[in-house]
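Asks: Here it is, the structure in full.
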Amino acid sequence: MISVDRLSEEQALGMKEQEWAGPEALCPGWQEEEVSDGEGPEDSGHPDPTAHAYEVLQHTLRLEGMPLTIDRTGQPRTGSGPLDMTVCVLGSPTAFLPVLLEGGTRYPGAMVLCLAPAWASRVPSETSPGSWSLLLSRGVSFEAGGCTALEEFVPPRRATYVTGTFGSEGSWEGELARDLDCPTGGSALLTRWLEDPLLSRWLLSARAGLPVPPTLAFITGLWETLPEEPEPPGVHLVRLQDPQGQESLVRDEVGAFLEGSSMQPYDQVAVRLSGWRWRGTDPHSTHRKVEGEAVAQAVAALLKGLREEESILLEALVPTARLPTLPPRSAAPRLPMALRICTVVCRSWGDRPQLCQVACTAGRAEVPVRHGSALPLGLDSSLRQWGLADAAQRQALAGQLREAAEAAMAALLAAEGELSPAQRGGARAHTDVLGVDFLLACVDGTLELVALSANCLRCLETCLLAEGMGHDVGQPAGDVPRLLAECLLHRAQCHLVEGKDILLIGAGGVSKSFVWEAAREYGLRIHLVESDPEHFAAGLVETFLPYDSREHRRDEEHAERVLEMLRARGLRPDACLSYWDDCVVLTALLCQRLGLPGCPPAAVRLAKQKSRTHQHLQRCRRGRPPPAAFSVPCRRLRSHGDVERAAGAVPFPAVAKLEFGAGAVGVRLVENAGQCHAHAAQLWHDLRADADHPGIGLGWGNAMLLMEYVPGTEHDVDLVLFEGRLLGAWVSDNGPTRVPTFLETAATLPSCLPADRQAQLVRAALRCCRACGLRHGVFNVELKLSPAGPRLLEINPRMGGFYLRDWMRAVYGPDLLLAAVLLALGLPPVLPSRPAPRQQLAGVMCLASEHGRALRGGVMAALQGLQRRGLVRLNPLFEEAGGRYEEPCLSVACAGDGPAEACGRLLGLCQALGIDSPQYPVGHFLSHFK
């Protein structure tokens, strides 16, 4: 907590007396003619609500400097198919306008605004019995640059995600969105559930553990939506069987509440009606705590009109913390003020809550500050104005607010998940965006955030108003439209892949077990081609196609045999992909023959053969710098004669490794030609066929290459490319390897490098991939960052292996596997345009030769216990096997707010469990991560 006593004596200008706008809401500029609280076109009272809504949209676009909507209804839009994404927003033309404009830029044509019930229809779902599909025959579509078009859709477009302004009871928006077969961001029922202050306050206290104003609630009926659990701190419930004749009970309960310990710090209370009808309204009355009889009378008076699922709340008026200030410049008395903090939180990747924006509104302290009662400010500016001069304290409070807002959404989503589909308005209805209001109070000398309630649109309106005001004075665009557009588009893409038939080539080992869980999560129908007829994944897929393709020099023949198997079973896959090194060329051949998106087989072959990759890049001399600048001198080795010739062209020390290898198996630093001869002889004797060491490319033979040794730090760059366009890039750092074998020891994500050095790595990786013809897919590029800049080690024409997919989800959110599936379907995946890490991960590899005995002796059980508590991340990699060509068996990682914290936790854990030793110095392996 932040202590009031620690506040700096430095103080900004004293708060001036302000004029208040009164009870009417000040909506954003794009809502000047719009009814607040999410009311749609039918609620406007206009004789032709659809025409009025369209006029409001044009007026708003004009004010925002956007081109007016083009009418294309005379030329119906045709050709929509099962892979077309349609994010449909029902109702108000302005409540989601910034999100629609952002989504139109990110994914042109996918965002569609429906202004009237006649523009859409419901038909029984073909995939979900008992549900409905929403078909759009007309809508306003959003394109890049703020362009919009009124369009007719022939045939009607099927919505893949639906949200809207689910306002008054029985509204057409709520009826159209009920029981749909696609994800629905809210519903009329969920809106009424979320907007009830009593219910949200109960959940914020009980499930999120947040302080709430002391509240006494009088309810009637059963209230089925209230959780069946003990009363949470701060909320006391009084159930009235009959609202009439309860004056004595009300008087006793009110008296006990006012005199109770929870009310000791407070002097005033408010009496309000709670329920859907009363959302966003002012309190019915406010009283001093000592006016017990008047308070009881106010409560009793409201009981007469109380409906089922409504309540009367008696709540403490929690004052905003009064911070030490310098004497004001004016001699006029300073009035007590109140501060309301609005937060907007969305369901981000992996269903994790993410705070999008914060805006604050100030007002006089006599009554609670309403949404829209004044122009908002940012959190930092508001805290400075309030007297919090210390920047570190403001930053700490902002961090506490983020944690509280995200915990609030997590609690509300968990409670929402306990509702039945009928209570939610459909099996696919979930809240994806919500607002949570807070007060800043002072409790026992420390600043404390007090949660008030949740809402659907009011916090969003306030935050969008704040963004619009910032735009007026030249501030860069805020995060709300971008984050919400990404949220909606991502949810729609997850629905698009449901039920798709995916031809997967190669199952991989234990390190790829996550694929089968992900397939269930995304609803994929996996048809697996695998060389091992006894593979454990055989029972986890839709179709298991055992076929021995390990001799990869015959991949052309294998492709024909696999096609025959597909035809014999009547399988027509929607996509074909592989994440297993050995199978990438066969996958490219199958994509080519099936007419499915993917990279050309020649490009994949070029990347798979390491010496050809570098020799090709050395011939690429166009560009500044050209791709040749990132290549490294190397020579192919198929005989000892090749070793002699390579020794004359490649300077020593050099690196000798398998031409088609994977997992650093057989990689070795050699100081001279003699060492290279010895290593080649040993490797050619030990590793001759795939059976000698499965999964490391021996199906192409055991040729080697000799490559110049590049000094510097090692890094992985994971790229997502759609038809040559870069959609996403992430850089991770590797620790110093165990020379001379170069086996990976440690890693961290995100990279500790400065942004400009990361940009060097990303651009080098991108130039190398494009130069090799890899323009469509998820690729993992290994580079060294030398004093002279990036140098390529190798390109893996598949997504990153080991722990990378898991770490990427934990740190940034997006799923590389889902991105690979979408690209294989021919769709550009929606990824964060400005990825921000949620945490730092640092991990260390475990080896059977070093740690096998400890792992079998109880260390593994201890690690699994820590993983269940969320204290470590474990990624099993390979079965325990030591020997000359050992691979890591386990990755152990810890999280922190930065590299120092993550590495400190990991080192302490490794020392405690015996993973760290003089022979395996974890501290040294982590030393690069600063």
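Backbone N, Cα and C atoms are what each Cβ position is placed from, and that goes for glycine too.
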Asks: Match it up for me: which of 1-24, 529-552, 553-576 does Swiss-Prot list as region 'Disordered'?
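Replies: In Swiss-Prot, the region 'Disordered' feature sits at 1-24.
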Asks: Pick out which of the binding-site residues ARG668, HIS677 has the most other Cβ atoms within 10 Å of its own Cβ.
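Replies: Its Cβ has the most other Cβ atoms within 10 Å: ARG668.
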Asks: Least buried of the binding-site residues ASP686, GLU782, GLU794, going by other Cβ atoms within 10 Å?
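Replies: Each of the binding-site residues ASP686, GLU782, GLU794 was scored by Cβ atoms within 10 Å; lowest is ASP686.
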Asks: I'm trying to understand the geometry here, so how far is the Cα atom of ARG668 (ATP binding site) from the Cα atom of GLU794 (Mn(2+) 1 binding site), in Å to the nearest whole number?
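Replies: Roughly 15 Å, rounded to the nearest whole number.
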Asks: If you count other CB atoms within 10 A of each CB, which of VAL650, MET704 wins among these binding-site residues?
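Replies: When each Cβ's neighbours within 10 Å are tallied, MET704 tops the list.
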Asks: Can you give me the average pLDDT across the domain 'ATP-grasp' (624-825), rounded to a whole number?
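Replies: When the pLDDT values over the domain 'ATP-grasp' (624-825) are averaged, the result is 94.
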Asks: Long-range same-chain neighbours of GLU659 (ATP binding site), Cβ under 8 Å, sequence gap at least 6?
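Replies: Counting only residues 6 or more apart in sequence, the Cβ neighbours of GLU659 (ATP binding site) under 8 Å are GLN609, LYS610, SER611, ARG636, LEU637, GLY697, TRP700, GLY701, ALA703, MET704, LEU705.
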Asks: Check the Cα distances from HIS677 (ATP binding site) to each of the binding-site residues GLU782, GLU794, ASN796 and keep only the ones within 10 Å.
Replies: none
Asks: Binding-site residues VAL650, GLY695, GLU782: which have a Cα within 10 Å of ASN796 (Mn(2+) 2 binding site)?
Replies: GLU782
Asks: Quick one: give me the count of other CB atoms within 10 A of the CB of GLY695 (ATP binding site).
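Replies: Neighbour count, Cβ to Cβ under the 10 Å cut-off: 21.
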